[in-house]
Amino acid sequence: MNVGDVIRVETDKGIFEGILLPSTNENIITIKMKNGYNVGILKENVKNIEIIAKGEKPKYELPPLNIEKNEKLKTISILSTGGTVASKVDYKTGAVHPSFTADDLIRAVPELLDIANIKGRAVMNILSENMKPEYWRKIAEEIKKEIEEGADGIVIAHGTDTMSYTASALSFMVKADVPIILVGAQRSSDRPSSDAALNLISAVLAAREPIKGVYVVMHGESGDTFCYLHKGVKVRKCHSSRRDAFKSINSIPVAKINPFTKEIIYLQEVEKSDNSKKVEINTNLEEKVALIKVYPGMDGEIIRFYVDKEYKGIVLEGTGLGHAPEYIFEHIKYATDKGVVVVMTTQTINGRVNMNVYSNGRELQKLGVIGCEDMPPEVALVKLMYLLGNYEPEEVKKLINKNLVGEIEYRSRFDAY
């Protein structure tokens, strides 16, 4: 039984027929059914498998497009990390096209030809839930390489689950005079409702703008009318499946992008490029930093667990204005006494931490806990990793609330919620 075979799988829950697809888990059989949906079946639940028809060997070779460079257009490098923005499924064989070249991108989204000269390659091929700091370092290094080779802008195709973490990491690690745009798709490009093409077009439009910094581009509403440009340290995935899942947190989107008219309307000021194409990276990250959610009845021993594992930093995702139950105070003190930097965010996501309002917050401050202003928890996590990777703990405590790359807005916007 090979990828591309048409199979019939019998389980206690019914019979499933379709094309056998590559699976990322050896314990799961994945098939594409006639209705276009993929189904994963645990092997332990399979009663019988029958091969209905043998599939064809996947054929990936296509003639080159031989596109000439347009000197009037900017050059944008699109780097894939394994997202689905330009992925294609061969329905005859069930195979997923593994390459990610400029030709592949233009075949998938020919509108790109009128926007920029496109370079494209895959730097890794992972599901975004498997992202980790060593991959952030790899992406940063590849961005530097592309800019040094002349790219006017960078687009990172990324899975949506952890895109905000990667956007935060790149915001701190990469200092570049070109725009770096992360883009993803909530619906894969083999589905009629896919948002991949419009998101990618909008991302390339943003990447050719005379701005610098790290941003995320995704659908602005559930239809197909516009996309938003979000600051990389002020964005979060707020819905598991909607196409407009990404929202700016404690801020408003940077810009509204119309992929049809190519119009970009800026909603707030951004840092302009000076056309120098300078790029520097600092990939020093302290990976022993934990993010712990506070909840009623929690066992404070989890804090001691990380301390005893020699973790250097802990981000608490507290309640309300930045609170935690008094019965874990002794464990927090254990951490700070050991020199662990402990900071506080809020699980409300929107709003800011203010530990001076109630006695609980004031007591936490006496224990050495530092409030993180209006940073989302994942941004605070990545920032603490970056700071601990580059500074001594006492300096980290001073810098955690210093705005480094736009992660903090000291004045709360009424229109940001």
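One is the number of the first residue shown, and numbering goes on along the chain from there.
Glycine too: its Cβ is placed from the backbone N, Cα and C atoms.
Database features, via Swiss-Prot:
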ACT_SITE  THR84  active site
ACT_SITE  THR160  active site
ACT_SITE  ASP161  active site
ACT_SITE  LYS237  active site
DOMAIN    74-403  domain 'Asparaginase/glutaminase'
For LYS237 (active site), list the number of other Cβ atoms lying within 10 Å of its Cβ atom.
20
Over all shown protein chains, what is the count of other CB atoms within 10 A of the CB belonging to ASP161 (active site)?
16
Nearest-integer angstrom distance between the alpha carbons (Cα) of THR160 (active site) and LYS237 (active site):
7
Around THR160 (active site), how many other C-beta atoms are within 10 angstroms of its C-beta?
23
Give the distance between the Cα atoms of ASP161 (active site) and LYS237 (active site), rounded to the nearest whole Å.
7
